[in-house]
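Trainee: Straight out of Swiss-Prot:
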TRANSMEM  5-25  transmembrane segment
TRANSMEM  45-65  transmembrane segment
TRANSMEM  82-102  transmembrane segment
TRANSMEM  135-155  transmembrane segment
TRANSMEM  186-206  transmembrane segment
TRANSMEM  222-242  transmembrane segment
TRANSMEM  257-277  transmembrane segment
TRANSMEM  312-332  transmembrane segment
TRANSMEM  343-363  transmembrane segment
TRANSMEM  395-415  transmembrane segment
TRANSMEM  441-461  transmembrane segment
TRANSMEM  464-484  transmembrane segment
Amino acid sequence: MLKHISSVFWIVIAITAAAVLWGVISPDSLQNVSQSAQAFITDSFGWYYLLVVSLFVGFCLFLIFSPIGKIKLGKPDEKPEFGLLSWFAMLFSAGMGIGLVFYGAAEPISHYAISSPSGETETPQAFRDALRYTFFHWGLHAWAIYAIVALCIAYFQFRKGAPGLISSTLSPILGDKVNGPIGKAIDCIAVFATVVGVSTSLGLGATQINGGLNYLFGIPNAFIVQLVLIIIVTVLFLLSAWSGLGKGIKYLSNTNMVLAGLLMLFMLVVGPTVLIMNSFTDSIGQYIQNIVQMSFRLTPNDPEKREWINSWTIFYWAWWISWSPFVGIFIARVSRGRTIREFLIGVLVTPCILTFLWFSIFGVSAMDLQQKGAFNVAKLSTETMLFGTLDHYPLTMVTSILALILIAVFFITSADSATFVLGMQTSYGSLNPANSVKLSWGIIQSAMAAVLLYSGGLAALQNTAILAALPFSIVILLMIASLYQSLSKERREIKKAEKLDKPRSPRVKKAY
């Protein structure tokens, strides 16, 4: 195994072990320090996050409509490795995964009944704002962050033959420095953010499955149950990781889409169908109409509303950035053979539509119960809001078990994808990292999630991941500069070659 791994593996293991040890020995101390640091960053650099993430969206749109969009992520005659449906399924599963199920009902309810962006809860305007801001937080901006990182990795790896490392994308502007300490530091930030972000999500996934089992069957909401769940899921995702990308992750992602589609369709039919579709349509219009205002909204003279923006919008932008090395590298790996335009439209548009539909169905179903006084969904914990909502619609047990299976499969695909990406990043960018390396990362992630659930340090570790987003956002800006420089150069070369290949019209001598 040792010959397959780079020094980044050992450096990140040491840093992660130190963070986990701190979380075990003194979780309150880690929580206080990380929370204070996070508060300082959101207060002092909130404007920066809003500007850079909006820049990411703008750059993606520019590339879609630019002639550069015709360039293929691979050799000119290369075909996509995965079919369109499997590709969409893997994008969706890796990009949002557990978060969609965790917050499907919880975020709209929170914006509507607990803490509204407008300040007034449980009003008709709060209802509209709830869905609009949920779309905003999970929409174009989130996927643009992923798309930028994925595009840079895919272009330099499949078009230029560079290793599949974050640092390799900066070679046009940093030169040989990417092979030295600077490159190692960049890769360490990316790997650390991935390990911490995914471990946190695994912990949240275990708590939601446990919350669902407790709500449905009265199984105790306790660490020992969560530990058993983590062990079971770990065995399953390690088996999937061992089987390879083309089998395990692909089949699980396709299964995810089928299960999610069945649950969505059922709830659309038995829920407040007309209200759901009206809200879906209205909220898309509201989202498009207000996207610029929401993208730059800081309310500097209104501390209460600014606190809401810090807690939601800026938190989300930092969280998506901290996840972008993992999701971006995975998306790049499964996108070989597509043009830049096809890639960006696929990554930005399709997941957004599915995400908006998901939140409309489950969010509106929950908010409808709340506004009619049929059930106080807002009183439930975040991890049980989905189950509380399902409890008030037909076939409760069937839909709840389906939701539990969906969470478990998302759990497995997220961890499986992460072990693959971590294996790549610590094996010199290998497209097929050794199983021993993937298994090592799988065990490390699960152990971290279990230890921090036990010590109560999971929230503190989540804050730590978000802190890594600030330096990594600067890395993404450098990646954009590097990519644009390379794409512009290649575009000039293509135009020059086209001119040389263009047949000259024969000269006709004039008769005098």
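Every residue gets a Cβ built from N, Cα and C, even glycine.
It should be emphasised that the depicted structure is a prediction, and the values quoted were computed from it without experimental measurement.
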Trainee: Report, as numbers and ranges, every residue of the chain located at least six residues beyond the transmembrane segment (5-25) whose Cβ falls under 8 Å of a Cβ in that stretch; write 'none' if there are none.
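Mentor: Distant contacts of the transmembrane segment (5-25): 184, 187-188, 191-192, 195-196, 425-428, 437, 444, 448, 451-452, 454-455, 457, 460-461, 464.
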Trainee: Counting only CB pairs under 8 A, let me know which of 45-65, 186-206, 257-277 has the most with the transmembrane segment (441-461).
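Mentor: Against the transmembrane segment (441-461), the leading stretch is 186-206.
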Trainee: Can at least 3 Cβ pairs under 8 A be found between the transmembrane segment (186-206) and the transmembrane segment (135-155), with each pair 6 or more apart in sequence?
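Mentor: These two stretches do not touch.
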Trainee: Do at least three CB pairs under 8 A connect the transmembrane segment (257-277) and the transmembrane segment (395-415), leaving out pairs fewer than 6 apart in sequence?
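Mentor: Taking Cβ pairs at least 6 residues apart, the transmembrane segment (257-277) and the transmembrane segment (395-415) are in contact, with 3 or more under 8 Å.
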Trainee: Please work out which recorded stretch in 45-65, 257-277, 312-332, 343-363, 464-484 has the most C-beta pairs separated by under 8 angstroms from the transmembrane segment (135-155)?
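Mentor: Most contacts with the transmembrane segment (135-155): 312-332.
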Trainee: May I ask which of the stretches 222-242, 257-277, 464-484 has the most CB pairs under 8 A with the transmembrane segment (312-332)?
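Mentor: The stretch with the most close Cβ contacts to the transmembrane segment (312-332) is 464-484.
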Trainee: Counting Cβ pairs closer than 8 Å, which of 257-277, 343-363, 464-484 has the most of them with the transmembrane segment (45-65)?
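Mentor: Most contacts with the transmembrane segment (45-65): 464-484.
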Trainee: Please identify the stretch among 222-242, 343-363, 464-484 with the greatest number of Cβ pairs below 8 Å relative to the transmembrane segment (257-277).
Mentor: 343-363
